[in-house]
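*Asks:* Under the heading Mg(2+) 1 binding site, Swiss-Prot lists D1045, E1052. The feature Mg(2+) 2 binding site is assigned by Swiss-Prot to E1052. Residues annotated as region 'Phosphatidylglycerol lysyltransferase' in Swiss-Prot: 1-626. The feature region 'Lysine--tRNA ligase' is assigned by Swiss-Prot to 627-1133. Feature annotation from Swiss-Prot assigns transmembrane segment to 43-63, 82-102, 109-129, 140-160, 177-197, 233-253, 575-595.
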Amino acid sequence: MTTVDASPGISRFEGISSRSVTVATICSGPCSGSRSHSRYHWVPAAAGWTVGVIATLSLIASVSPLIRWLIRVPREFINNYLFNFPDTSIAWSFVLALLAAALTTRKRIAWLLLLGNMVLAAVLNAVDMAANGNTPAETFGENLGFAVHVVAILLLVLSYREFWAKVRRGALFKAAAVLVAGDVIGILLSLGLVELFPGSLARQDRLPYVANRVVGFALADPDLFSGKPHVLLNAIFGLFGALALIMATIVLFQSQRADNALTGEDESAIRGLLELYGKNDSLGYFATRRDKSVIFAHNGRAAITYRVEIGVCLASGDPVGDPGAWPQAVDAWLELCQTYGWAPGVMGASSQGAQVFRRAGFNAIELGDEAILRTAVYKLSGPDMRGVRQAVTRARRAGLTVRIRRHSDISANEMADTIARADAWRDTEFERGFSMALGRLGDPADSDCLLVEAVDRDDHVVAILSLVPWGTTGVSLDVMRRSPQSPNGTIELMVSELALKGETLGIARISLNFTMFRAAFEQGAQLGAGPIARLWRGLLLFFSRWWQLETLYRSNIKYLPDWVPRYACYEDARLIPRVGVASVIAEGFLVLPFSRRGRVHTGHHPAVPARLAESGLLHHDGSTPDVSGLQTADVDLEVANSRIPEQVRVRLAKLKTLQLNGIDAYPVGHPPSHTVAQALDADDEGTVSISGRILRIRDYGGVLFAHVRDWSGEIQVLLDNLVLECCCIADFTAAIDLGDIVEMTGNMGFSKNGTRSLIVRNWRLIGKCLRPLPNKWKGLTDPEARVRTRYVDLAVNTESRNLIMARSCVLRSVREMLFAKGFVEVETPILQQIHGGATARPFATRINTYDMDLFLRIAPELYLKRLCIGGVERVFELGRAFRNEGVDFSHNPEFTLLEAYQAHADYLMWIDGCRELIQNAAEAANGTQTLMRPRIEGASGTANHLEPIDISGVWPVKTVYEAVSEALGECVDTSTELATLRKLSDAAHIPYWPHWDTGAVVLKLYEHLVENRTDQPTFYIDFPTSVSPLTRPHRSKPGVAERWDLVAWGIELGTAYSELTDPVEQRRRLHEQSLLAVGGNPEAMELDEDFLQAMEYAMPPTGGLGMGIDRLVMLITGRSIRETLPFPLAKPH
């Protein structure tokens, strides 16, 4: 039970807007997966409605003389010939109402009672029919009644299978004792009344008459008694009988709930599941509430807690346990609902839980949102937190301090005082809550719960919060109370202190109250909201006068929480009113006599699966079991194994056998004496030990051949029973599968066919492979599978290994050449406050500590230039860059980039430097200054093989305008008008934006007509100034910048600049770029004031180079970027 800070002592569950959801929806009748209906499926409902109508008329007639007089004739006919319908008997009305409800919900015991009644009535009618002296009217009535009874009996017998629902266990003897005692008291009281007001009733008939009215439901014929008392006494006598029945029913319902509530073993199992899987469910701990019942999935790895109210089975939030077993838990719950004839409904499911219920045939509607505080980002600063900040300040000025402790750190006396305060400050008689409240405070089993107290100057506690665990790093609000004398801002102070101290307490998330219709309040208050949204918000504000709809919304939103939606799930909307009432009862807004809310274990029938119960892991006191044992417990081997492929099951069985035999399948490693390549060249006399993965096995009985591969190569090993020292070949085949990693020791030799082999004397398993390798000849043929399981591809595919080695050779060659020229390698920040250094769309992230947006760098240029300003004359960085752009043959969002800067140099110097870097890298990877290109074969132009292309020597150099002019067949230079360039673009069908200048249009023409059509490596120099914001203007050619791009086979490999060192011009250009960024261009660079300030300290004339290493590896190997990267970004399955 909790209260919000709207006013002292307001209940957290004071209205349907409280955290405990009081609106749910259900399915009617049997649910998903229910048994098929026969042609008589309508009989239960028809019987229930018929009996229900009689019960209603009987009750009305018992209290209204007018109604009794109006229906006297049909009532007497029904009573005499069809069904018992006495003139006044409240007790009988109550019995019929219970029977009608039971028939409607298909209870088999109701079918049996109605069938017995019909059989008895038919027998009595048959006896009357056999008697002589009946009038024609009596004969007609008896014949009609007999026919009706026979038809009813036949329908009930034929519809037997439609009444499948059972009744839960209960204290029948105890309820019967209450009924007998109540009837005796009712008879005595009625006898006293009839002695005082006998009317015309004869003295000798008074006791039988009273007994008939109290116990016999007035079913005996009134003509059997001499005289009768006043008609008002008849109603009172029936009321005494009804009260006795009601008390007996209450006792039965109480015993049903108590007997079927959580047992200690049930709670222990739930706590174990929460320990393993509860980190994502903020309401998971409330599943341990002890007046709930529970149903487990058959494998014991998930459970649903629920409560039954007026025939509605309300599931409380998400299933608890392994999300993979949630569907099995839902199936078990629906089967239980069907067994007892309950209508299922779900209250407060999360998005993930609602999806599971939806797949089971339910629909979902959003009820509201749960407020979640993230302690890492919570702060009191900022304009949006002004209200909370002021409230906290007021509370602190009033002398309040906050004390935070675990329940386990609180003494018994202090906890007793805390419980007393919570009860005293509660403004309702009973504790409320069901789906989002624990219903107990200070229980020893809840030692991990957190208690937050507000203490005044006199050390008096004026408010308390109690929060239950949410995984290991979160807490969820359970109790919120404050004294009526507490100062304003008390709750804000407590919540803020808890959030601000979250890191110290190990708390990352705080779940606060639940807010109904939060979206309606927000959307209705927005500027420009439609009339329907405003009307809906107005209605909610109107009802907030009685229920805390807006109050809870306002009390939560001021903390700026994350809103997490919660849902109600249903199958059939026809029973929504009934489920609404059931929800109100479950949450405690409507307190029925049998709604006892237990704090101790009262259940007598554990719901945990038998195998789990017999494992001995669970505790009778409900405490958390040994989680490691629970995790490895073989609860249901068949169900667990049904999801594992056959080959994996076989390998797991082998692993288990090895473990039982004391063999460690994953031992500590010892370096082998030789690699495979070294072993092949080793002397036959020496002992050789190798280790590697088994790729192939050929067993010939006494001799076995296997192929073992390590990083250096592949070797054949030979196992001979005559040579093996410690075991035989049968032991090897029993333990080893393809893919296992083994250690082999022996001598080098030759097989009979002359193959160089290792003759094994001893072997050892050092890594058991639990999944089979792909086809030994084809390997992984699916390109996506090769990307997603690169580790498997490397294990079986030599080509993939060669690509890894080629990439390593390229990186080493580039570094060594730069080192040889006196360059210094540095590392600059990857997380940057401003995205700059290139025009590209960045990846954005956020640092919680500083509450600041950051970007993954798109280039290290601006930081490297800072180093140049500082005097590092030759500097380079070889590292990762990130650009949030497309993914294709030559692009990956994460890539390796080389940037190098040399003082007292220009862009022309880097032409030879870049060419030498690439030629040396190609020689390091391929052995010669060649790169690999696909060879086109056949008329279809299919590229089947790679062929080397010589790239030695000097590469051609062209200006951009010269290359564009050649492609267009018309001269273009810096003086060409924009209109002319647009006409040329239109003629070449190249698109452009209307706001582009001449430089941008020329660049677009270059990209389409020149870059995409270039084959041999070519340097294109002198780009338009407007598209090179960081480049120095050309020293002699106006309108162009000293920049070149290296292009080969349609791919840009690198670029170099004569760097712009004029700080005034640099500021002007970056300012123009920042205006583009403000205007919505996501690729434009932002203004970096720190960099501009550094430039004002003067940078020496510098030439800079940028080169994509991934594309360089692509060029040298002839492969796509996804093939050359060990782990390229892949879309999720």
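In case you wondered, yes, glycine gets a Cβ from its N, Cα and C as well.
Predicted, not measured: the structure shown is a model, and the values here were computed from it.
Map these features onto the structure and tell me what's around them.
*Replies:* In the three-state DSSP classification, D1045 (Mg(2+) 1 binding site) falls within a strand.
Secondary structure at E1052 (Mg(2+) 1 binding site), taken from DSSP and collapsed to helix, strand or coil, is strand. For E1052 (Mg(2+) 1 binding site), the same-chain residues 6+ apart in sequence whose C-beta sits under 8 angstroms from its C-beta are E1011, D1045, L1046, G1108, R1111.
On the 0 to 100 pLDDT scale, the region 'Lysine--tRNA ligase' (627-1133) averages 88 in this prediction.
Counting only same-chain residues 6+ beyond the ends of the transmembrane segment (109-129), those with a CB under 8 A from a CB of the stretch are 44, 47, 51, 81-84, 99, 102-103, 138-139, 142-143, 145-146, 149-150, 152-153, 156-157, 160, 163, 167.
Here the transmembrane segment (177-197) has long-range neighbours at 206-207, 209-211, 213-215, 229-230, 233, 236-237, 240-241, 243-245, 247-248, 251, meaning same-chain residues at least 6 beyond its ends whose C-beta is under 8 angstroms from one of its own.
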*Asks:* By a Cβ-Cβ criterion of under 8 Å, what residues six or more beyond either terminus of the transmembrane segment (43-63) are in contact with it?
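*Replies:* That would be 71, 75, 78, 83, 85-90, 92-94, 96-97, 99-106, 111, 114, 155-156, 158-159, 162-163, 235, 238.
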*Asks:* For the transmembrane segment (140-160), give me same-chain residues lying six or more residues beyond its boundaries with a C-beta closer than 8 angstroms to one of its C-beta atoms, as numbers and ranges.
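*Replies:* Contacts with the transmembrane segment (140-160): 38, 40-41, 43-44, 47, 77, 80-82, 111, 114-115, 118-119, 121-122, 125-126, 128-129, 134.
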*Asks:* Taking the Cβ of D1045 (Mg(2+) 1 binding site) as the centre, count every other Cβ atom within 10 Å, in any protein chain shown.
*Replies:* 21
